[in-house]
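Q: Starting off with a structure, shown below.
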Amino acid sequence: MPRKISDVGEKGLIKRILSKAEKSEFNSTFLDKFSFKSLSDDAALINLGDQYLVTTSDMLFKSTHFPDDMNHDQIGKKVVTVNVSDLAAMGAKPIGIIVSMGLPRDMLLDEFEELIEGILDMCSKYDMKLIGGDTNESQELTLCGTCLGIVQKENVLMKDGAKPGDIIAITGPVGLAAAGFEVLFNKNKFQDLNPNYKDHLLKHALNPKARVNEGILLAKSGFITSATDITDGLVSEIDELVNANNHRIGMTLNEEMLPIPEEILEVADKTGKDPLEFALYYGEDFELLLTVKKECFKQIEERIQLYEIGNVTSSGKIEILHKDGTKNIIKPHGYEHLSPKKG
């Protein structure tokens, strides 16, 4: 029987693309060895002398990425934030975004205006501009953003580079967005949830913010050995860092160190789910995952709030040290489009 793309999943498809693209020959002064290495990173690097133009693209669908409770202003903001987060992971300053839109013909004009206002408002917050795009008719609302940023060559952050002994850190708590969506989709279970908790969780689910300033400062520090964002889940992205180093490194997380807020513990209690699952696997947190030179961690921590969550090893495995002192290997999974279980 012919195989389907869902038999290999999104990451399997990307590996196939990379294996073919890396064999193609193309000579240009705008592409250097890091340009080709960035094929498997958060964004592409275009050589501009002492700087890189950093480019990334993300496509979002109403049925997959925007819950019914998300208004069109929030949808517009999210398409910008999703793209900018990739630039933040590379240490780049965003300068502009191109947004192509597939619009259903019965979309209300007020909804369209709200969508554009959301895009422009978030561009303003990230100190960048909407610089182009395309509009077309589509069965469902579909948005594709292509974001451009700039970074000095010596500052660019990439997924490879972590070394045994480095500290693993993140820029914020994990699991808040996942818990927020849990509240959003199961409102009846959370009628008595602390209103402040509820507002905080829904804000993370519906109004995410990219860590742009943090990414730029971290890149300039010279202390970061590798970086990515964790929108597809913490463990999934840790696996990306391990893979980027061809499994020459491993990573051990410390459960005691994971920043899991009280709000998540309450949501987990009401749903009967493990709070650790929210933190490790669910995704949609727009935080940065970093490896930091051990001897430099205190210095960078004085400038930017970071959470130490583990250390880089030479095991080639992803492991977690539990609160009871036991350690086990973690299976790397998180959100993945076209995964086999989606059919």
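Even glycines carry a Cβ here, placed using N, Cα and C.
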Q: Taking TrEMBL at its word that Asp86, Asp229 bind Mg(2+) 3, choose the one of Asp41, Asp42, Asp274 listed for that site.
A: Asp42
Q: Near the Cβ of Asp42 (Mg(2+) 3 binding site), how many other Cβ atoms are there if near means within 10 Å?
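A: I count 23 other Cβ atoms within 10 Å of it.
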Q: Quick one, of the binding-site residues Thr56, Ser57, Thr231, which Cβ has the fewest other Cβ within 10 Å?
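A: The binding-site residues Thr56, Ser57, Thr231 were compared, and Ser57 has the fewest Cβ atoms within 10 Å.
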Q: Give me the Cα-Cα distance between Gly133 (ATP binding site) and Ser57 (Mg(2+) 1 binding site), rounded to a whole Å.
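A: Just about 12 Å between their Cα atoms.
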Q: Taking only C-alpha atoms and a 10 A limit, tell me which of Ser57, Asp58, Asp86, Glu284 are near Asp232 (Mg(2+) 5 binding site). These are the binding-site residues.
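A: For Asp232 (Mg(2+) 5 binding site), the binding-site residues whose Cα atoms are within 10 Å come to Glu284.
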Q: Determine, using Cα-Cα distances only, which of these binding-site residues is closest to Asp42 (Mg(2+) 3 binding site): Thr56, Ser57, His65, Asp134, Glu284.
A: Thr56
Q: For the domain 'PurM-like N-terminal' (41-151), give the DSSP counts of helix residues, strand residues and coil residues.
A: 39 helix, 45 strand, 27 coil
